[in-house]
Amino acid sequence: MILSIESSCDDSAIAITEIATKKLIFHKKISQEIEHSVYGGVVPELAARLHAEALPKILEDCKPYFKTLKAVAVTSSPGLTVTLIEGVVMAKAISIALNIPIIGVNHLVGHIYSLFIEKEAIFPLTVLLVSGGHTQVMEVKSLDNIKTVAKSMDDSFGESFDKVAKMMHLGYPGGPLIQELAKDGDRKKYNFTVPLHQSPLIAFSYSGLKNSVRLAVEKAEESDYKDIAASFEHIATAHIIQKLKRYFKEATPKNFAIVGGASANLYLREQIEKLLALYGAKLLLSELKYCSDNAAMIGRVALEMYKKEMFSSLDELKVCPKSVI
Ligand code: ATP
Ligand code: FE
């Protein structure tokens, strides 16, 4: 079995995955959403402190499996340096104590493999990652053949939801809160501009839209917030659809997946489903509980890396806040 640890942002999670069957034997996550909610976003130092409390608590429940562990895996990039360190230090200690190899996993590859928890992987696959830190399209042929074909030039899709929620004093994380508010709103009431709509670039940008929403919020009454939320969600999604359409002209996928915390967004799912129907492409989604950060997806990647003996030495394994993908 492989024990995997995730602490790249505000979720402390540990999973245990059986190597031969891919079965998830154990998975526990302690989220810090309530603690960060008052600040309208993740406070790195607070997050690190909470990981230092939560991870050992979860690890205690893993004790019965210690004898069966063949490797320990941990998210080592990308994420917040101070929170990644919490997981990596714990993984190194486990590796030393149990004399088992250590595997450093890229969190974004983890989000891709969240599609395949307890399942076989399907490639080739075009993946849209929409999360708190990333908005990018990747062509995935295998574990070590991932090409990013489009990414955000500034804020991410999920982050823009968090910031709009903060402007409206709704709390954190903003995605589910804005989605809920938008349900009863008029998507056409606010005519925000679709980012980069005149640009031939296949890239994303959310900072301009965020600022337009800020101006609208400043002028609005609280009763208008639902229409602002609905119009914002509509334009944020329309931007993705426009760029995907452009990209599909060059490369139409057979299999298309949406992953990452914001892939839980129902309006985005609906619009992408409509788009894919035009091309006869199949939509793959992670189970809702594995869209946001979790250690099961890190364990699923670690299975592949274990088979290929992609181990790190204790000296080599360092945290890196930016991703190389
Ligand atoms: P990254 O994976 O890029 O390092 P992260 O791990 O912080 O970032 P995730 O946990 O994958 O991000 O996703 C969290 C983000 O998803 C938050 O920004 C949150 O607001 C957003 N999100 C969650 N649910 C929804 C939703 N229904 N609609 C829109 N956004 C959502
Ligand atoms: Fe994530």
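Each residue, glycine too, has its Cβ placed from N, Cα and C.
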TrEMBL has Leu129, Val130, Ser131, Gly132, Gly133, Asp162, Asn265 binding substrate. Which one of Gly171, Gly175 is in the same site?
Gly175
Would you identify which residue of Asp293, Asp315 TrEMBL lists as part of the Fe cation site it also attributes to His107, His111?
Asp293
What's the CA-CA gap between Ser131 (substrate binding site) and His107 (Fe cation binding site) in angstrom, rounded?
11
Among the binding-site residues listed here, Gly132, Gly133, Gly175, which has the most company in the form of other Cβ atoms within 10 Å of its Cβ?
Gly175
Kindly point out which of the binding-site residues Leu129, Val130, Gly132, Asn265 have a C-beta less than 6 Å from some atom of ligand 1.
Gly132, Asn265
Suppose we screen the binding-site residues Val130, Asp162, Gly175, Asn265 by Cβ distance to ligand 2 with a cut-off under 6 Å; which survive, in sequence order?
none
